[in-house]
Amino acid sequence: MASTSSVRLVVYALDVLCTLLALVLISFGIYVVASYDLNEIGELSAYAYVAIGVATLLVVLWGYLSAWRENVCCTVTFIIFLCLVIIAQFAVVYLLVTKEKSVSSNLANALEATWEEELNSPGAMSLYQNWFQCCGRGSPQDYIVNDRLPPESCFLNHDKSNPEKLIKTGCRVEFENYWQHLTRIFNIIALVLIGFELLLSVISCRLCNSIRNDARRSYF
């Protein structure tokens, strides 16, 4: 029983790690959907992270209960479903990684609505311009073609009196780079989660064998 108890503790520890990583992915996806005006592909990308996390939470809960009950049938069923979830998650993460630039571009489309707002209500772009040290949608020229001078937020240290301090980089590029960096981080987190799930499936097999052996010994 000592061996079974030890293996079960390892399963619990992996369950906790998977749960924490899943919650991080879910939080990221919900934050993106709730905070930005996304297009369809952007929303699908954000919900993909939520789906990965939710799938993990559901299967890990099952794994926790099967380990707690020390039931061979439940544990075997858990391992099968965990493997199916791992395959599905890997397929989703593979798409997110290979289409990283496309995902970043679609997530960055949220800036387009802000630029339209800037044209109607000056100052809307200030958040992005101060945040990323950028100017206009594609460049400062965007203001000029709309019969406006670049605002203070387009200048380094807001020094509008010095034309040389005008920032030449557009916010669209900087915002896409931001999303590309961010999605790369969360793709890595998703891959680490899948790695822990693989380890959990192996340890759960060990637990299943241990439970079965304990049951056999009880007959003697």
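Quick reminder: no glycine exception, Cβ is built from N, Cα and C everywhere.
TrEMBL labels come from automatic prediction, so no person has curated them.
Taken verbatim from TrEMBL:
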type: DISULFID; residues: Cys134-Cys171; note: disulfide bond
type: DISULFID; residues: Cys135-Cys154; note: disulfide bond
type: TRANSMEM; residues: 12-34; note: transmembrane segment
type: TRANSMEM; residues: 46-65; note: transmembrane segment
type: TRANSMEM; residues: 72-97; note: transmembrane segment
type: TRANSMEM; residues: 185-208; note: transmembrane segment
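Residue density at Cys171 (disulfide bond): 29 other Cβ atoms are found within 10 A of its Cβ, drawing on all protein chains shown. With Cβ pairs under 8 Å as the measure, the transmembrane segment (46-65) is packed most heavily against 12-34, out of 12-34, 72-97, 185-208.
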